[in-house]
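A.B. asks: Feature table excerpt (TrEMBL):
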BINDING   ASN9, GLU375  Mg(2+) binding site
BINDING   LYS16, HIS198, LEU199, GLY200, ASN201, GLY202, ASP273, MET274, ARG275, GLY321, ILE322, GLY323, GLU324, ASN325  ATP binding site
BINDING   ARG83  substrate binding site
ACT_SITE  ASP139  active site, proton donor/acceptor
SITE      HIS171  site 'Transition state stabilizer'
SITE      ARG231  site 'Transition state stabilizer'
Amino acid sequence: MSTSVLVINCGSSSIKYALVSERREDRIFGLAENLGSADARIKGVTTGGEALELSIPHADHEKALETILERLSHHNPQAIGHRVVHGGTLTKAELLTPEIIERIREATPLAPLHNPAHLVGIDATMRLFPELPQVAVFDTAFHQTMPSHAYRYALPKFLYTHHNVRRYGFHGTSHAYVSERGSMLAGSFKQGGWLTAHLGNGSSTCAIWNGQSVDTSMGLTPLEGVVMGTRSGDVDPSIHSFLASNLGWDIYKIDKMLNSQSGLLGLSDLSNDMRTLIEASEQGNEDAALAIEVFCYRLAKSLAGLSCGLPRIDGLFFTGGIGENSAYIREKTVSYLPHFGFNLSKDLNNNLKRGTEGRIDHGTGPQIWVVPTDEEGRIAKETEHVVDEVKAAAKKSDAYAAIA
Ligand code: ADP
């Protein structure tokens with residue numbers, strides 16, 4: 001990367017930022033949190049790895065972005081890349097124009113918690129830095145290569161044709177980065193069939209054939225698929241009518257339960273944090289042990305299911321906070337997949353240093369790798385690519401105008 005790109009991820013009361021340049025070690029990053037409250041603050045790392053903590057009482061998104069940019073302006077960022085969760089049917093990163101902003105707004109019903117917050121951030125940066133090119137990079141875009149038999153639900157057709165009800169998939173930037181990086185490490189860049197398991201607070205799996213997503217575990221929303229920190233993943237959809245009829249719950253209560261009170265937290269009745277659960281299970285907590293078992297079994301089941309999208313399985317990549325750091329979860333998950341020929345090396349798995357990439361199988365059967373994700377790096381790269389393309393197109397049209 002020849003220039004630096006400011007990557008912004010706006011949530012409803014927080015903003016994650018990273019200034020990404022050529023060398024990963026030079027990255028400056030941080031988090032503005034509790035926005036709108038007396039306790040609003042920015043926490044992060046500045047040049048040279050120094051810690052930053054700055055109180056910005058009652059700052060809103062715009063004020064926080066202004067403060068962040070003021071501190072970073074001497075690094076002269078060349079562009080801003082916004083992480084946007086839902087891009088509807090947009091298939092790639094796009095320069096932010098009024099039309100693209102409208103498309104993000106139109107996708108709001110599909111990501112009601114995320115897209116409005118992204119729009120607030122976009123609105124603020126457009127006003128503050130009108131001279132900087134700004135790009136939206138979508139979590140959904142990578143999965144737009146899924147075939148229709150993978151993205152359609154078995155529901156009445158008009159729900160798809162008139163209301164866009166289909167599977168979209170999320171975590172696309174991570175699955176794209178990890179599968180590209182991993183296949184490169186394996187010596188077959190963007191070739192062959194790979195499975196990825198992104199395991200963080202939100203978790204999802206993906207099947208990738210020759211560099212393209214062919215299926216993924218998340219669907220219309222990020223609730224579908226594997227067990228997550230507080231999200232249930234797949235349940236019988238009749239749970240809604242069961243709870244409504246028997247417990248008198250309304251749709252909002254059910255939605256909240258499935259998104260915020262389920263998953264590892266719901267099963268264990270203790271925590272959504274995998275580290276806490278592993279410790280509790282080691283101390284004999286049976287609910288924690290069951291939560292871990294369900295997590296790994298459902299994850300293996302998802303990977304096995306997604307393998308139907310691949311003509312051949314070359315290997316599996318683990319990533320995300322859990323996938324990168326927990327040898328225990330990796331081993332337990334792979335133990336449910338012996339029939340695919342996966343042959344994990346306990347030594348390589350246990351000895352892999354935290355935060356590093358490496359191969360952890362015996363060298364027979366499909367490969368198994370740990371590949372730390374880099375969503376910010378990927379967003380910066382895609383942003384730079386879009387800006388370069390736009391500049392090249394502008395040059396070309398100038399040249400035509402000069403000839404004409
Ligand atoms: P997010 O989706 O919010 O980005 P992360 O990718 O940081 O989340 O993943 C957070 C999860 O990773 C938590 O459940 C945390 O407990 C888990 N995790 C981090 N380190 C370890 C570890 N050494 N062993 C097990 N789980 C870990």
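The backbone N, Cα and C atoms fix where each Cβ goes, glycine too.
Unlike curated records, TrEMBL annotations are generated automatically.
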A.B. asks: Which one is it: of the recorded positions ASN9, HIS171, ARG231, GLU375, whose Cα lies the shortest distance from the Cα of ASN201 (ATP binding site)?
C.D. replies: ARG231
A.B. asks: Give the subset of the recorded positions HIS171, ASN201, ARG275, ILE322 lying near ligand 1, defined as CB under 6 A from any of its atoms.
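C.D. replies: Cβ under 6 Å from ligand 1: ASN201, ARG275, ILE322.
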A.B. asks: Here the binding-site residues are LYS16, ARG83, ARG275; which one has the lowest number of other Cβ atoms no more than 10 Å from its Cβ?
C.D. replies: ARG275
A.B. asks: About how far apart, in whole Å, are the alpha carbons (Cα) of ASP273 (ATP binding site) and the residue listed as 'active site, proton donor/acceptor'?
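C.D. replies: Roughly 23 Å, rounded to the nearest whole number.
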A.B. asks: Excluding near sequence neighbours, so keeping only residues 6 or more apart in the same chain, what lies with its CB under 8 A of ILE322 (ATP binding site)?
C.D. replies: LEU199, GLY200, SER203, MET274, ILE329
A.B. asks: Go through the recorded positions ASN9, ASP139, ARG231, ARG275, GLU324, GLU375 and tell me which ones have a CA within 10 A of the CA of ARG83 (substrate binding site).
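C.D. replies: Near ARG83 (substrate binding site) by Cα: ASN9, ASP139, GLU375.
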A.B. asks: By CA distance, which of the recorded positions (HIS171, ARG231, GLU324) lies nearest to GLU375 (Mg(2+) binding site)?
C.D. replies: HIS171
A.B. asks: List every residue in the same chain as the residue listed as 'active site, proton donor/acceptor', at least 6 positions away in sequence, whose Cβ is under 8 Å from its Cβ.
C.D. replies: ARG83, VAL84, VAL85, HIS86, GLY87, PHE170, HIS171, GLY172, THR173
